[in-house]
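Undergrad: Supplied in structure tokens, the structure appears directly below.
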Amino acid sequence: MPLSSSQSSPPSSQNLKRKQQTISSFFTKKPQSTKPEESHGADEKQRTNGAEEVGNENRAPPHTADAAEEDDDDIVAPAPKRARTNAHRQKDTDQTSDGPPRIAEPPKSSQRTELAKFASSPAGAAEPEEMDEEEAQERKKEREKLHKQFVRRLGGPDCLIGINRHVSGEADPALEEAAEADEDEEAVQAPPAKGKAAAKKGGGKLTPMERQIIDMKRKHMDKILAVQVGYKFRFFGEDARVAAKELSIVCIPGKFRFDEHPSEAHLDRFASASIPVHKLHVHVKRLITAGHKVGIVRQIETAALKAAGDNRNAPFVRKLTNVYTKGTYIDDMEGLEGPTAGAGTTAATGYMLCITETNAKGWGNDEKVHVGIVAVQPATGDIVFDDFEDGFMRSEIETRLLHLAPCELLIVGDLSKASDKLVQHLAGSKMNVFGDKVRVERTTKSKTAAAEAHSHVSSFYADKVKSANASDDTQASNLLQKVLNLPEQVSICLSSMIKHMTEYGLEHVFDLTKYFQHFSSRSHMLLNGNTLMSLEIYQNQTDHSSRGSLFWTLDRTQTRFGQRLLRKWVGRPLLDKSKLEERVNAIEELKSMEKVAMVERLKGVLGKAKCDLEKILIRIYYGRCTRPELLTGLQTLQMIAQEFGDVKSPEDSGFTTPILNEAIASLPTILEDVLSFLNKINLHAARNDDKYEFFREAEETEDISEHKLGIASVEHELREYQSVAGKILGRSKIQYVTVAGIDYLIEVENNSSYLKRVPASWVKISGTKKLSRFHSPEVIKLLRQRDQHKEALAAACDHAYASLLAEIAANYQPFRDCVQSLATIDCLLSLSSIANQPGYVKPEYADNTCIHVEQGRHPMVEQLLLDSYVPNDINLDSEETRALLVTGPNMGGKSSYVRQIALIAIMGQVGSYVPAQSAKLGMLDAVFTRMGAFDNMLAGESTFMVELSETADILKQATPRSLVILDELGRGTSTHDGVAIAQAVLDYMVRSLRSLTLFITHYQHLSSMVHSFPNHELRNVHMRFTESGSGQDEEITFLYEVGEGVAHRSYGLNVARLANLPVPLIEVAKQKSAELEQKIRRRRLAGLMSTVENIMSDSAKNDEGLITRLISSAEQL
């Protein structure tokens, strides 16, 4: 049969792709059909099928010919044949006649156009259409064959393409939910729409679970919801996008909005991301660390109880069970293990701080605000409150924020502009002075907030009083009275915090009013925010880590709770001389050789206390403690109490100092209670978190025993049924098997006669080529009963465990006191380790305000430097020399020297030994510093403005018992103004305030002030150095020693040389410096000559002022 030229050529690279038909092909002579009637019938059938398919385009399954034709360019296939014999057509018809009718592929629009244009008759037009349909089918088969070969060569279904297909299949929420929970399957979809409208329409009806998720999300729009679906927790919509970004997991595309917005109408499901159930807390911790609020939505019913209930056809009941933020996350299992935080890391305090303030009064520098704060540490139960007035610099707020270092802030009402900017500055940056990003929430404050807060707090604590035992009536009434006497602003904060913590289920922390502390109690030295940063008390100023800080230097603790207590000691040094002496005497006793055995015993006990007992106790109090964690905590308490079981009174402890005796004597007092709780617990089951066997048999509740008996009864009936099933199958006895977690399966061989005896009522569960596995109706019924008993047993076990936690929580205070005693011992041992270092001495405490130190050293620099630190003496006394004017070359060690003095004073009042040869310290009530140069762009304040504002705050707060450090005051303005301000401030500090003062300056003119203090209240000292060489070879050697007198040069050009400024630039600067020095020297010489002339005159011979000026001018020359 003749073929057209386009078909007769062999396959080549040019015609491997499908080409558009030419006009001549329609006029080529066609072969005559041997059965015209049959052919005509087939044509009619194909036209009918083709028409049907055009109407059902949107119902075509994926990978149809239409989809494949779009990818023709990507698939290499042989050139198609144009005609086939009638025998072949008949054969194809016969092959497909038994199966379902095959839907013909719709012709392309271009083909239909050509047929309409060139066909001479309907009959003639049908035949080319028939060829196109057959050609498409053949091409489809060839493509499928090629695809199978392609997949086979890549490695089968496990290759990359196969994996991707599996993943995309699993991503379907309906399939996933069906696998995890049958009751959460998608609702029955409406019949698919016909015609092209179906392609434009989106997914249509929501599933019951999706409606459930939308309802929950609308109530909790401020949270990222992790929803339990079977064995996974899933995020939906916008939550999925956030979770995918923060957790680096896959987000399956879909709808991101929950308001059914028209822009997402074409999407048929929500975007989703998922995490495994056992990894929940790992991912939750990452989300809250990023600053998010996370809600956990759990299935609160199980499949067995659901199947037995009335809502078996409804989705699982789900409920928001937990809400977490950075401050309220107490379920951190990792934080309970390990002794202390890693070296160099910043120890987060975990405080949640609530702040409110009244409307600002005054304007500008006279602005005043009244502030109230309440800070809660949910992980330990500590509560700090304060009520104070703050000035326009907001230094008081800054001090408290830096001391408490909160991880979360709750702002009640609107803050003033200055306060809000300060809070945002401290909390807003990714890595700030707190070491991490701080979460900030805001809540409204009504005009009647004070009255509402008083009423709310009163009712909250009144309920606690009512529920208290009769024996606790006095304590409860005292508790209520203490709370009602709180200041108004504190009450507002307390009420807001109670409401806020109720959302997280942690409101019970406010029951522990024994641990309420006032921040501003004057029993501690005041270290304000500037001091904490300048002296690097908690963090260094380089990377804000703890390495290189005073806390890092003193921290040798072995436990987490000991580390937290030491942090409080370092930030709040004592003012009580008797308590200080008691603490330092205890350290002296711990480091003595006579007590080595007892010290090793204490260290051994602390070394065994691997868990964070303080956090475990508060988790028990909240009812959040896990079974293995409870066992660990109780066993640790038992070990501690038994270790000192021989101590019946403080005198039996083996030490002489009261603080050690009382701490050790309190440890064995809890032994009886701890043993009573441990005796209820099955050790092996608790360790393996087995809730069903957690309690010893004698301690099990009636409900637990009842359901265990019910399970045993059902299992007995199942064993009895074995013989019945055997009779049905004609066997003597059958054995149950368990496959893939499915119990009580009855196995029957496929090729045996027993298979014919299996009743039709038996349900086939699984099978292989050789075996079939069945459940009979009786087995199914009994298994359902067993599952119901199991679920009820689980609920009974959880209830009994919660009751045990509540019973232990009733003993919270004695247990907490024991842990606090252990933390005190840990801190004292840490400080004794510091005291054992060479060069540390026990300080002597004086009643007057003084600092007398011989050969003192900087505690942190000494540890960080490999070279030996140059020691220096310090002598300051309120009745003698109470101020030092420190001068010296740049980089000569001035700042290190004054910091060293302040740090030794702080260490002494912490109760630690100090790095010196000898030390006599008075009780300082505060340390104030004004160091460094920086502006405050947020407040529109220049460097000099900030400098003077901080100085003004110091002058208002400092007392004769304070230590004040001022570093280069006045450098932010012109020399004349700077000198004038510095001189006035220094004179006021020494003469009027009478504070101990260290004043660093490069203004040599100030050195003459010593002459105005005849009793040597002010003294000049300088950092010594040596000069060698001259000109370009001039070198300065820093000795880092403190000497008497004044350094008349700062040697700034030496620093320029060390900074590698260009040599020509340095030479020009040196020339200009020499010219200026000569000019100033000539002026001073002229002034000196003028003074001499005045003195020589008869009228001024006895003028002492002129003689003093003469001496000063001569010294400056």
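Cβ coordinates come from backbone N, Cα and C, glycine included.
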Undergrad: Look up region 'Disordered' in Swiss-Prot and report which of 172-205, 546-579 it refers to.
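TA: From Swiss-Prot, the annotated region 'Disordered' range turns out to be 172-205.
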Undergrad: Within 10 angstroms of the C-beta of G888 (ATP binding site), what count of other C-beta atoms is obtained when all protein chains are considered?
TA: 26
Undergrad: Enumerate the residues of the same chain, G888, P889, N890, M891, G892, G893, K894, S895 excluded, that satisfy the criterion Cβ within 8 A of the mean position of the Cβ atoms of the recorded ATP site; list them in sequence order.
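TA: Apart from G888, P889, N890, M891, G892, G893, K894, S895, the close residues are M1023, F1038.
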Undergrad: Could you tally the C-beta atoms, other than its own, that fall within 10 angstroms of the C-beta of S895 (ATP binding site)?
TA: 17
Undergrad: According to DSSP, does S895 (ATP binding site) sit in a helix, a strand, or coil?
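TA: SS state of S895 (ATP binding site) = helix.
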Undergrad: List every residue in the same chain as G892 (ATP binding site), at least 6 positions away in sequence, whose Cβ is under 8 Å from its Cβ.
TA: M1023, F1025, F1038, Y1040, A1047
Undergrad: Over the region 'Mispair-binding domain' (200-327), what is the model's mean pLDDT?
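TA: So the average pLDDT across the region 'Mispair-binding domain' (200-327) works out to 85.
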Undergrad: Counting across all protein chains shown, how many other Cβ atoms sit within 10 Å of the Cβ of M891 (ATP binding site)?
TA: 18
Undergrad: Within 10 Å of the Cβ of P889 (ATP binding site), how many other Cβ atoms can you find? Include all protein chains, please.
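TA: That number is 22.
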